[in-house]
Amino acid sequence: MFHTARMNLNLDDLIDTVADTLQQHYPTHHWAQFALGLLTLVLAALFAQWVVARIVLYFAHRLLVLTERQAWDKALARHRAYHQLWYAVPFAAVAIGIGDVPHIGHMADVIERLAHAGAWVCVFFAMGGALSAWQDVYAASMQAQTRSIKGYIQIGKLALALICGVLVLSIVIDRSPLWMLSGLGALSAVLLLVFKDTLLSLVASTQLTSNDMLRIGDWIEMPQSNADGFVKDIALHTVKVQNWDNTVTTVPTYKLFSESYRNYRQMFESGGRRIKRTLRIDATCVRFLTDEETARLKQFRLLHDYLEEKQIEVDQANKNLGELASEPANRRRLTNIGTFRAYGLAYLQRHPEIRQDMSMMVRMMEPQSEGIPVEVYCFTAVTAWSQYERIQGDVFDHLLSILPEMGLRLYQAPSGSDMSGLVSGLIGGGAGGAGGAGRSSAIGGAESGRLRGELPTL
């Protein structure tokens, strides 16, 4: 106890000695006292910055590393979040200690407010860096491949900027933040006009993301904006779409909320891609099948069961007609176009790359001047573009090739060579000296061919 009391006495003597020495050498001029006080404040601010950088931020760094969150640590360092907090410390130290500098006078209040505002600016920059780091960490996750948080991050940065602006300005002019907000209320009409697009994009971006209306990687089609491709980026103000020709279309975010567009995501999720294409049959070749043709078509594997069933149905219907069945117009008969539709449906039902659990039909549309449209409607079992086109091509290659087996042909408008051949044949027939009868026969044959929808063979 005696030893401890002696040590305390020696420490008190040391402090008194240091105080007496400083008092003896303390400058007596005001400017020297001001310079010494200002230098001391600067050194204290730099020391506080060193303490925060070497101790506090070091422990924060080690904590992230030990908890296996190195991605967060690297992202925070990359966006200089640590450095912004580091820069805030000297401002805070100056704001706290500027009033103790001797003979600083009325400048102390101004410097304090500026330093206080600078400290808050650094803090808000650090928070913005933390938001950017969050976006980087999220971008490396699996969820980022379908859902983007870039819009939310930009909304957060916008809110930080507004809060920082109001707070810093209120500190600089020495007013309450509530007074600043009341002033903004008076300027609300002007602010709404200036930030109209930002506010619209703010609402649209939030709705698109929260309601899962749009994801990164979605194939969208928006003709009014010349956008047809995959979504690359969803931000607060714009959505970037990479078109199929590798160009990029930038669409305002609010347009995707206020205007219509087509999203093919459900098509990919369902696993079936639609085929909807027509074959235009020449109307002049549509007719009833003869018994010989029916017997020949029964040998087709895809038509055998269908024709057997239909033949029984037709025979029973004709038997019920009695004597009226002697008139061909009264009898039920099979047509070549109806048989072709049945063949097309049977072909789709047995195709291994066509979805059997989705809508499937081969239907005849309203006849037109360009022929009778027969539409093939089904879904492929794959959604990849190249595979889809291959399957669709195989289906129509087969259907086009089977048309002549049923006495059908596609409608095809006459080309220039067809018309020139027709005219040359007519002129050549007249020059050959066949006379009026031959010319009349050629013209009559041509007219008859036109009525049948055919071109004469010349």
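Backbone N, Cα and C define each Cβ position, glycine as well.
Summarising the annotation, TrEMBL assigns transmembrane segment to 31-64, 85-105, 117-134, 155-173, 179-195. The feature domain 'Mechanosensitive ion channel MscS' is assigned by TrEMBL to 197-265. Per TrEMBL, the feature region 'Disordered' maps to 438-458. Under the heading compositional bias 'Basic and acidic residues', TrEMBL lists 449-458.
If one looks beyond the transmembrane segment (155-173) by at least 6 residues along the same chain, the residues whose Cβ comes under 8 Å of a Cβ in the stretch are 113-114, 116-117, 120-121, 124, 127-128, 131, 179-181, 184, 198, 202, 205-206, 236. Summarised as a single figure, the pLDDT of the domain 'Mechanosensitive ion channel MscS' (197-265) averages 89. Under DSSP, residues within the domain 'Mechanosensitive ion channel MscS' (197-265) fall into helix, strand and coil as 24 helix, 25 strand, 20 coil.
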